[in-house]
């Protein structure tokens, strides 16, 4: 019997992964070592499945691309190329129609010539701006007239003067009779109506509620703006002579300075809302109240201490001589709403009245907002260090703004160079402005609330042009300056030409003077067709729609026609276009 020995059952060997102890491989062998089973870790299994999926996806996409290429005829992608730019269509200027005459040819080649021609052939009044009082367009209910429009009543008529307010207006016809219209005159009468007749009026000014009219003999008439007051107020007695009669069927007053010497008469009148200035032929200045509702109380009369309580006995609108200016020969006057300007023949300026916005040209003082005595404005300080001597040639005012035209003459100085000596005697024409400019009405390019020191208007200063008649360079001054309540119009004194005739060349054209507008445009009173305020002078389009027809690319603008002898209605008259800026409105009329 054999001896047996019990041996322990063989255990499987365990292999440890040298990189990580957490991964183990278990190998199980049978007794005959014929089968071996290996267990794989889950992470390796997931990577294997991802690899298989990637192979399947790539194979599928490749097959799909092959099918698409076969379906597209072998071209999977279209040929790419840049689109050729479209050839611009060339537009040729249309051939100008053939002119039928010399005059027709001139009108075809120049819109300026056409404007001059129409101003002679169709005299009348153009107006635009606020129509709240039916002043600009009496036959229209529109609140604003955005661009120049003719007033049919004045077609073919010549006027001596015209003035516009928001609710009433007045004009003097060719015979010197007064015409009035607007809701402030009469709500029942739309068309201009003759009121004061037979006085040979030459100019008019408007106050708050009255019209100040100057006659050819120097008499100043104060007429109510309201038709009702004209009919119900006291009427002066009628007077008549052998060959001259006067109709006094309306109420009015006369302003006559009591101290006029023999042969002395009133030659110029300027009016604010409450006061008026009267300039005599002897260079003396008188002032008076111009409105019936308020007495001047801001020093604009130029009489220190004069108030409603201290006024002398007599009529409230009696004339007072400005004693302070005795000895100065006053040549020009201007009035804003509440301030006054006077310039003498030596080129000095005196200012008095309200200075709330610096419109007198003096520094503002909160302790005293007005100056009740004429004070000399030191214009020469503005030209200190320039070797120029200034001389004021014109004063203008409106609202709370003031303007001065100045001729500055170059003088020699001890340190002048040889080059400077060549310019001795050269005159530079400047335009200065001060006062209220929040709406751009000073024209300086700034929106200044208060401007105390007179400042140059760049667009209207230091301008020159070549004059072919004199073969020299001459300064361009202003020939006319109209200042409204918050806007203004400047007419340049540039070289004009009105000599084209049937004897001159067919290319010889007429042209007028440049005119520029600036300031408040709330009521479209600048005539630009837009409503934005403008702080520097700009041109506007021609008044007539026919004049706007021009050659393509040609620059055209409104040019005002200067004075010239014209045949109107079979008679020869001295005719010119004039501009007038009012309170929120503007007019251009044919003046004689």
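Backbone N, Cα and C define each Cβ position, glycine as well.
Annotated region 'Disordered' per TrEMBL: 87-106, in sequence order. If you look at the region 'Disordered' (87-106), the same-chain residues 6 or more away from its ends with a CB under 8 A from one of its CBs are 113, 117, 500, 502, 506-510, 551-552.
Across the repeat 'RCC1' (347-408), the DSSP tally of helix, strand and coil residues reads 5 helix, 32 strand, 25 coil. According to TrEMBL, the feature repeat 'RCC1' maps to 347-408.
Annotated transmembrane segment per TrEMBL: 51-71, in sequence order.
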For the repeat 'RCC1' (347-408), the mean pLDDT of the predicted model: 96
